[in-house]
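Read the structure below first, then the notes.
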Amino acid sequence: LKKSFFKEKLIKIVILLNNPPPFFLNTTLLPAPTPVSGPNRGTMPERRPFVRLPTDVYPVNYGLCLKPDLIDFTFEGKLEALVEVTQATNQIVMNCADIDIITASFVPEGGEEINATGFNYQNEDEKVTLSFPSALQKGSGALKIDFVGELNDKMKGFYRSKYTTSAGEIRYAAVTQFEATDARRAFPCWDEPAIKATFDIALIVPKDRVALSNMNVIDRKPYPEDENLVEVKFATTPIMSTYLVAFVIGEYDYVESQSSDGITVRVYTPVGKAEQGKFALEVATKTLPFYKDYFSVPYPLPKIDLIAIADFAAGAMENWGLVTYRETALLIDPKNSCSSSRQWVALVVGHELAHQWFGNLVTMEWWTHLWLNEGFASWIEYLCVDHCFPEYDIWTQFVSADYTRALDLDALDSSHPIEVNVGHPSEVDEIFDAISYSKGASVIRMLHNYIGDEDFRKGMNAYLLKFQHKNASTEDLWDCLEQASGKPIAAVMGSWTKQMGFPIIVVDQEQVSDDRILKLCQKKFCASGPHNGEDCPNWMVPISICTGEDPKCTKLKVLLDRPETTITLSGVSPDQWVKINPGTVGFYRIQYSSSMLESLLPGVRDLSLQPVDRLGLQNDLFSLSRAGMISTVEVLKLMEAFVNEPNYTVWSDLSCNLGVLSSLLSHTDFHEEIQEFIRDLFTPIGLELAWDSKPGEGHLDALLRGLVLGKLGKAGHKPTLEEARRRFRDHVDGKQVLPADLRSPVYLTVLKHGDSATLDTMLKLHKLADMQEEKNRIERVLGAISAPDLIQKVLNFALSEEVRPQDTVSVIGGVAGSSKQGRKAAWKFVKDNWEELYNRYQGGFLISRLIKLTVDGFAIDKMAAEVKSFFESHPAPAAERTVQQCCENILLNAAWLKRDADDIHQYLLQRKAPPV
């Protein structure tokens, strides 16, 4: 994942404040601005023209030697690149950023060395032009460059990562994060994904440090000029893109294993924590053979290392053979890690290892096709986890974590198509978002279902073999899948990747003797209501239909390739319900006629509908209510039908939507009534689960218990609050340590209803925590505190040395997501500290995440104007689209509140009124 970026990907590990977790799955998950316009396109300000590198000189092999200084935070580098000159030229243009070139020369094969006479840096374009006194002739040659750079603290390029030794001493590791466009901060290079070459890397490092790179070590010898240093040489890499190169120099322990197909797998951990690498090691050794078998292509390198990096912006990064992770995306302590963390680690490991084939072996030609990398890895990570851990019911969780998330974002006018034309590097960061990851994964899941597994695998294998060690575009994959399946893949998928948005399928029915006649029509779904414009886009929609006779079995499949159609289902008696989109696989929303919806409701109560379809039905209705197509009261009535619900993921999605509603109603004077509704809905399942796990329970029971107790505690359910306080005291006093799965709900509950002493105790627990997972768990709930002065204390803590830079965002987001007061205070804090925050994240995807978490929950028209004007005077180019989406969400919230608040209030009052 780069998963972290959004790779914070972006999984909704249920975090108790109803914010999606602060981890992302792949790299950066943020939306990208593009200068596209026309109907159905979000419009962005025009950017100045961007030009790719000239093709008259290209690299064949990079010989690279780097010598980092871990005290002064600088590095020296020597590059000797074997290049090919395709047409005579007296200059070489390369990418270069924050690097000073000392000398540069060119040695033509069999000729005399020519020294460069000028280095012209184009800083804004991150390029350098080397000028030579005479033309370099066509043919091979060696380009030699000596340069120096800075080990920065921006979590990109070649950067420093702070850690504390067991003795309490602060030290730094030197690590890398190059995707998308930051290899150029470590060495001058042709930093575009299609300009592939091989790499021979050497590192000169202190002899007591571990030095790693993409390939295995082939030589390690003393460095002649300093007895405290060694020179470590690595084997030549396969032909690969610059963004996948990596090196790490630091202090680590490791655990090692061999996969069944003979690959050496190591997980590197902080010193003294090797045990915490065992879970990821087990997942990785099971996953490599799974992918080898699925793709019918072996893993192409001799080893793979997975390493936990202290300061890391994304969730993880799939560097070939050396995958880097946030500590929380890799390390699991059997006693102190909760179930959601294990699941998160399994997904991130599955995601990053999938990239070793899909992304690394075959690479997108340009960032426009990034979605293919990320969407594919975000889909197959679930396939892999389902293989390793069938008890996780992970595909149902996919619907809640990725599918519904993508539908919500893609219903906005400020969304963007999956395929986005990007140019300048600042635009690339923004496309690591929920559209690339989650919508990408959702349409690939729909495609896999449409083609069938066998033909899908056949097409994937053909694609990987045809393009291995090369670059490909979206169309290349469609061609291979079309040949394997004989279906019109390019035509179907083009409607999902080249235009933004998705349809709502409006369904009505009529019974004629034993036949059910269905009328289906598609319209673009918009968060503000149905699209009624002239040029309404159409999609090629694979539609499946099932009936009450067998809810798991598809009775009919059709491809809806026009605005409307009529379908006859024969042999369906009048008392049977009909359900569209069984399995919730098609990427669309559904609006049933009221009689069809009525007939489906008993299937929610008696559980005869599959869990994923119970979830989908509720989620569709919730989004229709937000769009003003039905009353929110209808959804509240449906929610009450879930009182017998046993499934964790169904509850998780319900809980998320109630969180959205609770946040919306915090702007009214009847916020307490919705808390009462939440307490009533969650109390029966809370009583059934109780506090302590029972023999025979599994992963999903643990997740459900944490979810339900957190929900009840936050909503002020007295017995839950009292028990949480009792257990918290015992935990703090060392009498009875809280099981990891109960910590988040207990911490959240005591803070929400706590005072300054509670906050101080929590901050002390944070300071004492040895595991980053525990620190993050506390950071995410601190914002639940209610008193204004304590909210301010939490915000100040977010920027303190106690919080790692990549985690500041989740502390501020936790404050904004917890209460109306928190939201106001967090927004003011972000404005007051904007310069420091912006400088810290330098336009990476974390800045977009920060903005979204801070302002998305407002529900007053004038706040949208305030947010817009603040970012007009404090521009954040990599977050332009995010700012647009937030302003749109604020206006949608305000409209929703105006439209439905009174009805909701009446309903909440009358459901408690004594019967007349």
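Including glycine, each Cβ sits where the backbone N, Cα and C put it.
Unlike curated entries, TrEMBL annotations are predicted automatically.
The following features are taken from TrEMBL:
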type: DOMAIN; residues: 59-244; note: domain 'Aminopeptidase N-like N-terminal'
type: DOMAIN; residues: 279-496; note: domain 'Peptidase M1 membrane alanine aminopeptidase'
type: BINDING; residues: H351, H355, E374; note: Zn(2+) binding site
type: ACT_SITE; residues: E352; note: active site, proton acceptor
type: SITE; residues: Y437; note: site 'Transition state stabilizer'
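Locations of recorded TrEMBL features on the structure.
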residue : record                             : CB count, 10 Å
H351    : Zn(2+) binding site                : 35
E352    : active site, proton acceptor       : 33
H355    : Zn(2+) binding site                : 29
E374    : Zn(2+) binding site                : 36
Y437    : site 'Transition state stabilizer' : 39
Original post:
How long is the line from the C-alpha of E352 (active site, proton acceptor) to the C-alpha of E374 (Zn(2+) binding site), rounded to the nearest angstrom?
Top reply: 10
Original post:
Averaged over the domain 'Aminopeptidase N-like N-terminal' (59-244), what pLDDT does the prediction give?
Top reply: 96
**OP:** Fill in the CA-CA distance, E374 (Zn(2+) binding site) to Y437 (site 'Transition state stabilizer'), as an integer in Å.
**Re:** 5
Original post:
In angstrom units, rounded to an integer, how far apart are the Cα atoms of Y437 (site 'Transition state stabilizer') and H351 (Zn(2+) binding site)?
Top reply: 11
